[in-house]
Structures are given as structure tokens and as C-alpha cells.
Amino acid sequence: MNEFWVLLTGSLVGITCGLTGVFLILRKTAMIADAISHTVLFGIVVAFMITQSLSGYWMLIGAAIAGLLTTFLVQVLQSGGLQEDAAIGVVFTSLFALGVLFITLFAGNVHLDVEHVLMGEIAFVPWDTWDVFGFSMPKAVWMLLFVLLLNVLFLVFFYKEIKLSTFDPVFALSIGLPILAMHYSYMTLVSLTTVAAFDSVGAVLVVAMLIGPAATAYLMSKSVSGMIVWSMTFGVTAAITGYYLAKLWNTSIAGMMAAMIGVIFMLVFLFKPHDGWIWKTFKRMKLQKTNIQANS
Amino acid sequence: MLTGNLLWVLVGAILLGIAAGLNGTFAFLQKQSLVGDAAAHAALPGIAIAYLIFQQKDLPILMLGAAITSALAVYMIQWIVGHSKLKADAAIGFVLSVFFGIGIVLLTIVNQTGAGNQSGLNDFIFGKAATMAKSDLVWLSSSALLIILMCLLFFKEWKLMIFDPVFAKGIGLPVERLRVLLTALTVLTIVTGIQAVGIILMSAMLIIPAAAARFWSNHLGIILVTSAFFGALSGALGTIVSSFRTGLSTGPIIVLCAASLFLISYFFAPTRGLISKSLKKKAFKQRNVAKEATNHE
């Protein structure tokens, strides 16, 4: 049964992050997600310092605020004349350092240790349960289901709008879509997804799960809906294979899942028919050969 | 209180700050700041592999392993961007998280082997500047000195390469090789610093001083000097502040010192700072209003 919960949690992380990640890739904001996954630590520490509790709600709220703050600060620095990559770099490293400092100063003895935040402890997920409406399920599963629901609702209601503001922001603005509000609400969703996932799998795997499957799906499909399906499939596949390999070699589950994302990406990148790297190299060699023959 | 080891730590932190400040400026101007972040994360699997192969934690060996995987990560980012439709940000994020994930897998394996538990490899994630051994600090300082020297030596070539690569190629500079050299030096800077400030915050040392210095001037020479100065100052301040209390890790404090310098630059720098810019804008508007008024008379 414990194995089932761990697998379910991993798959839910794959589905939720895969879904959210698609628009990160399309909007070219992948590195903001990386930044948010680091600053979420800051949000959680501040939420703990204010409420003195480690309950899931406060963590979600603190993380959402930290995510918004990150997005906002990056935007402010950019409009202040700093290039985007440096703006992201300055904001997340500073907030992360502040988070680490706060932990050592004010929260030394609680369960909030930084290594846990980075690597997660998915193996412990089944023991931390919540009872809601008589159902007893692990806390991580409840939180992931809640965030997945939010993500699905957002996409159901604003699918057209987010697509338009992603591919043609100027047109979207001209027909009166609030593209800045869309950007911020989407980034809030990213931070909520991050915090729901990272309590169980750690910040590193969250970034891998947000970016990796969606980036692989971007290579596979030319339509947004196709990308979403591929991305979630890759996420779940990486979670399940990663879990069993980690069990086989007795090593970090989250790390192995991230490694599997890398393997899946490399498989698609190298072997995909028509535009995989090997196919393309082969075609180029063939072309060169025929050219040489034609010339001689 | 500035005796013995602490003095060495201070020297090391200052030299590291200067090296990262100089090198970071070049990376910043190439819009490659986040590549440094990926390279820093990618050092982790290298450290673990080096330890697994040689079963010892001599700094030069671990540094070599870290350098190899970091360089591999940078190369992979360029490869992915060059051979697919993925954009740079997605490639960076992907490579960063996957390499770090593999690093954690290997680190877990290291920690399970008998002596591995005491190997102290975990220190590499957050750094441990204040408790570094003297031999490690000598390594750190000499490597930082080498980086500083190289930056001064190739100043003119890199300047040309960054601002006008076509012209640089035209007068016969080996632009591609210069670019590889700069990347190699960035990797060396990261590898040098990770034991002191840690993998996650090492990229901050490359990014923040350079970004702060950019607000002070439009001349590369002045930006480089300012950035090196900010790096050194945050290294020194961070080391001293974190020595006041036990249990404070040095890495975060150094980064927070750099962040404070950044905030000061962002608001108060005379040429491009926020306040001077808005004052200039106001003066410009007033002048225009006055001109309009005289025109109407």
C-alpha cells in the first residue's frame, strides 16, 4: 500500500507539473519557474515565522506570495534597465540566501531543514495523512489533487485566452485581454504547483518535472493540446520508472525521477524520426554523398 | 580575532569575489548569466563521481570532476539549442535540474558507502567557507589568482568579441576559441568557489556583482573594476559577519552582502540608478514645459 501512495504521489507530480510546464516552455519563462522553485523556500520560512506552524494551508499561501514576489521583482528590475537573465539570477539567489539565513536564525530546530527542501522525502509521504470527508489519504496527495484541480479549472476557463496571450501578446492586448493579469495568475499557479509538489519530492525534482517533460513534449508535438498530453505522459513515465530504478539501486527517489526525465528527453532528442539528431545527421551525410557523386 | 585560519578565509573570499566579479561581468554582457547557474548545479555529479572513483576527498581531484561535468553541462546546453527548436531558457532549466538530480542520486550512493558518510560531500551544496582547511584555501586562492590574471590578459580580445564579433573575426581573432576559453574560465571560477559558498549560491557570486556594477557606468573597464570591488567587498563582509556567530553559514551571508550592494546600486548609482534616472526625466520634462511656455508667448 505504501508503494502505491508513493507511486500515486510521483504520478500526480508528473501530471500537475507536466500540465503547468507546457505554457512555461511556450512563454519562454522556464527560468522564472526555476527561480520560483528556489524562492518558495523563502515564502515557507516567512510563513512559518509569522504563524509558527507548519500546516499545509499557510505553506501554500506563503509560497504563492513568494512566487508572486519573485515574478514582480523580476519585472521591476527588468523595467529598471537590467537584462532578463540577470534580473532572474539576482532575485532568486538573494531571496534563497535570505531564506537559508532565516532558517538558521529562527527555525533551526523544526522539520524545515534545507536538504529536505532540496531533495524531498517522497518515501515518507504515506505516513503523513489528512482526513477529509472521511477519506484518509496522504497530505501530499490531497495538496497535489487540489492544485491539479486549480490548474485544470484555469485551463478550462482561460484556455483560449492564455493561448492567445502566449503566441500573440500584442494582438491579445489590442482586443482587450488583461495580459499582465494573465501572466501573474499563471505564475501564481506555477508557485502553487511548486509548493504542492516540493514538499514530497523536493525543489530540484519540481524544476525537472516542470521543464523536462514539457520540453520533451515540445519536440514531439506541434499543437498545444498535443503537447499537454505528451507532457503529462512523459511526467508519469519518468515518475514510475524513476521510482523502480531508485528502489533497485537503493538511492534517492526524487533524484532518480529527475534523471529519468533526462533519459526520456535524450531518447526523443536523439531518436525521434524526421527531426531527431541521429536522423538529421544521417540525412545530412546522405545529402553530402549524393552531392559529391553529382559533382564528380 | 583576525588570526590564523580566519585571515586565510578572508583572503580566499576576497580573491574569489574579485575573480567571480571579473568573470561574471563577461558572462553578464554575453547574456549568459544563467548558464553559470546551470554549470554550478552540474558540478555536483562530478564531485560525487570523482569521490566514487578515487575514494578520497582531496580538493584538486574533486575540483577536476566538478569541472568536467560543469563543462559537459554548458556544452550540452549549446548542443540542445543548436540542434532543436528549444529555446535557451528551456535548455538551461532542463540541463540544470537533470544534472542536479543525477548528482543527488550519486550523493546518496556515496553516503551509503562506509566512509562516505563522513566524506563531507554534502558541504558542497551550501558551502563551508569558515571551516575550510588551510591547504584547500591555498588551492582556492591560487586558482582565483589565475582567473584574475587571465581576465586581465584577455581583456581586449573579449571586449571585442562581446561587442563586435563580426569585426573581431574580420581582423583575424579566433572568436570561437576565445568563447570556449571564456566558458572554461567561468567553469573554473565556479569550481573554485563551490566549496566555499556552495553550489546553489555560487552563481550569485557571478551574477550579482556584475549586475550591480552595470548601474554605475557604461564603460567596460569601469564596470569590471566596480564588479571586482563589489565581489571582494561582499566576500570580506560576508566572512567577517558570519564569524560573529557560530552556525551561520558563510555562503548566504556573502550573497546577502552582494544583494545589499546591488540594491544600493539600483537606487543610488549616479549614471543609471533609479533615482538619478527619474530626476533626469523630471528635469527633462520641466525643460520641455518651460520651452513650450516660451514658444506660446
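Using N, Cα and C of the backbone, Cβ positions are placed for all residues, glycine too.
As given in TrEMBL:
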type	residues	note
TRANSMEM	A:6-25	transmembrane segment
TRANSMEM	A:32-50	transmembrane segment
TRANSMEM	A:56-74	transmembrane segment
TRANSMEM	A:86-108	transmembrane segment
TRANSMEM	A:140-158	transmembrane segment
TRANSMEM	A:170-189	transmembrane segment
TRANSMEM	A:201-220	transmembrane segment
TRANSMEM	A:227-246	transmembrane segment
TRANSMEM	A:252-271	transmembrane segment
Cβ contacts under 8 Å made by the transmembrane segment (A:140-158) with residues that lie 6+ beyond its boundaries: 5, 8-9, 12-13, 15-16, 19-20, 56, 60, 122, 125, 128, 130, 132, 182, 185-186, 189, 192-193, 196-197, 199-200
Result, the transmembrane segment (A:201-220) in contact with the transmembrane segment (A:32-50) (3+ CB pairs under 8 Å): yes
Chain residues in Cβ proximity to the transmembrane segment (A:56-74) (below 8 Å; excluding those fewer than six residues from its ends, i.e. six or more beyond): 32, 35-36, 39-40, 42-48, 84, 87-88, 91-92, 95, 130, 139, 142-143, 183-184, 187-188, 190-192, 194-196, 199
Same-chain residues at least 6 beyond the ends of the transmembrane segment (A:86-108) whose Cβ lies under 8 Å from its Cβ atoms: 31-32, 34-36, 38-39, 41-42, 44-46, 48-49, 66, 69-70, 73-74, 77-78, 114
